[in-house]
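Participant: The structure under discussion is supplied below as structure tokens; questions concerning it will follow.
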Protein chains: 2
Amino acid sequence: MESGSRERQPAVAGLSEAELLARIFPRLAMGSAHTEATLLGPGDDAAVLAVPDGRTVISIDTQVEDQDFRLAWANGYRTTGYDVGWKAAAQNLSDINAMGASATSMVVSLTLPPDTPVSWVEDLADGLIAGIRELGAGRCSVAGGDLGRGREISVTVAVLGTLDGGAAVLRSGAQPGDVLALAGTAGHAAAGLALLESDVPVDRLNPEQRVFLELQCRPRPPLSAGPAARAAGASAMLDISDGLVRDGRRLAAASQVAVDLDPEQLARLASVLQPAAELLRADAREWVLSGGEDHGLLATFPPGIQLPPGFTAIGSVQALGINEVPGVRIAGRSADTGGWDHFAH
Amino acid sequence: MESGSRERQPAVAGLSEAELLARIFPRLAMGSAHTEATLLGPGDDAAVLAVPDGRTVISIDTQVEDQDFRLAWANGYRTTGYDVGWKAAAQNLSDINAMGASATSMVVSLTLPPDTPVSWVEDLADGLIAGIRELGAGRCSVAGGDLGRGREISVTVAVLGTLDGGAAVLRSGAQPGDVLALAGTAGHAAAGLALLESDVPVDRLNPEQRVFLELQCRPRPPLSAGPAARAAGASAMLDISDGLVRDGRRLAAASQVAVDLDPEQLARLASVLQPAAELLRADAREWVLSGGEDHGLLATFPPGIQLPPGFTAIGSVQALGINEVPGVRIAGRSADTGGWDHFAH
């Protein structure tokens, strides 16, 4: 969206809440036609969802303008409503995936400045549904939502999922001797962020470089990997949203172990990022270690288990030494890269 | 909170996300000690909730600074974190109540400017839990949440509820001949809003007037009334969040009927508001008809059913005349008061 465009197009302030909902609901309902979870959809005080498993997994996440995305980036890229909708879907679906569950329903709360173009909001609804579909969350539909005004665009999604009778994969189950494995990419979204914040115009990027930018704006979490890891017997798992080291440290702390990364695997992951790293004279290995937002999965598997499709071994789980605090090692030595924190940065 | 106080107290920017969560979680857990719904609480990628009924009711709602509340009001009242937490709980619990359900779980997403005092956020957590408890949602606990930065304070709650094996009470089931009934108050929160926006200093209000202001800041939805209405056989029900006429019109439209309000009952409801109306030279009846945010319940019952505790008959459901559109009447004549719309006002 161009910064001047809010004035030129019909804005949400010109519609009543009911009129705006009437523009959005048909787009969202397109995604829910083939699901069974919604017993009562939008239009009443609340929705009613089927939970045949007797348990539901639930997560909530908010994306805010200028914090989680910028409408206009330094390199000239304009974030679309479609991007924001897709990213909201992807981030939330990833949290369900990380428990070994499959998403069944979403409810969405949108806060919009009055001058937001109606077309931008329609685009957001389209991106949300496209994210759900194209990422493979075919059982998930949008069951309801809420609209309100604010000074900045804010999108909150609460997402529910099912374990289909299985046990959730927690962060706390890793054991010394387990294999550490990664599903999805690491550092691609960080490379994309660096490109967006660079002075290299977006139209000067080659396709190899542009793919990182697109992954930052429209992340692609590996949604089949979570339930597959659960079925295969993963001992621990979490979503890499704040970087391999930072999230690895969380898994280590919850399991009271050390997580050891294999430098050869880190080099392999970094080499994929060279087209962006060379352009920006950046450190690809730093992106791999501290870049979040790819929403890959970091999981541990007992030794001898065949890794499910999508996972690659990148290290191992080790026992803590005497007086050692849980953390991340690289080839046995402590790794102290930060990663993202919402407040302290 | 005083406008200058953000600088003087420790602010959230001084804490990491983990440190801030460590300040909030213990306060929220105090409210969840006696519930059975949370199988896995905060700390992993998602929570896991028990849903023994096989269905869950769900709603989501966002409160934004300067839209849904002001930190400082014209009459000198300062909105506390406690107020904002309470109101977030109350509004969301009311949506579950309006389906005839009982709330079981909440997840909360907080967006905070970096200069927000830590004590204000702790106060918000306390208000949220106090609202849940004191309003009687004893089965509801906070299962998880999310923290992030923004330019304005924003609180989103997604709430789940159970019908305990019963059928949800929809907006669409009212039949001509049904009794129209109200649980809770009408217009009190509107009177409170008018007081907050007036030039009458808060310390000049007498206790009778002050109660309206407190209801605007800390609404008291009648949470036992929703499940009681379902059990009694209510044919339709909704939460009055945007005013008696506007929400009555929604019930009428969903049920394809006319809703007729009894002028004597309206006069009775208005008379309670006189202590505020006389002070402000305002029209108490207008507050009754168009004031939202009390979060009372408007319900319809088949004739001959004894109204459950908390409900008072305030009118009747009538058949539409030829070419008549569904709507609200007062003693048979069309009522055309607006009520609140988030965008068109």
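In case you wondered, yes, glycine gets a Cβ from its N, Cα and C as well.
Quick caveat, the model's predicted, so the values are computed rather than measured.
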Participant: Of B:SER59, B:SER102, B:SER105, B:SER109, which one shares the Mg(2+) 4 site with B:ASP45, B:ASP95 in TrEMBL?
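Facilitator: Record source TrEMBL; matching candidate: B:SER59.
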Participant: Cα distance, B:ASP146 (Mg(2+) 1 binding site) to B:SER59 (Mg(2+) 4 binding site), nearest Å?
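Facilitator: Distance between the two Cα atoms comes out at 17 Å.
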Participant: Out of B:SER59, B:SER241, which of these binding-site residues shows the lowest number of other CB atoms within 10 Å of its CB?
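Facilitator: Checked B:SER59, B:SER241; of these binding-site residues, fewest Cβ neighbours within 10 Å: B:SER241.
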Participant: Identify, in sequence order, the binding-site residues in B:SER59, B:GLY145, B:ASP242 that approach chain A with a C-beta to C-beta distance under 8 Å; the answer is 'none' if none do.
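Facilitator: Sorted by position along the sequence, the hits are B:SER59, B:GLY145.
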Participant: Among B:ASP61, B:ASP146, B:ARG171, B:ASP242, B:GLU293, these being the binding-site residues, pick the one whose CA is nearest to that of B:ASP45 (Mg(2+) 3 binding site).
Facilitator: B:ASP146
Participant: Quick one: pull the CA-CA distance for B:SER241 (ATP binding site) versus B:ASP68 (substrate binding site), whole Å only.
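Facilitator: Each residue's Cα considered, B:SER241 (ATP binding site) and B:ASP68 (substrate binding site) end up 12 Å apart.
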Participant: Over the domain 'PurM-like N-terminal' (B:43-162), what is the model's average pLDDT?
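Facilitator: Here the predicted model's pLDDT, averaged over the domain 'PurM-like N-terminal' (B:43-162), is 95.
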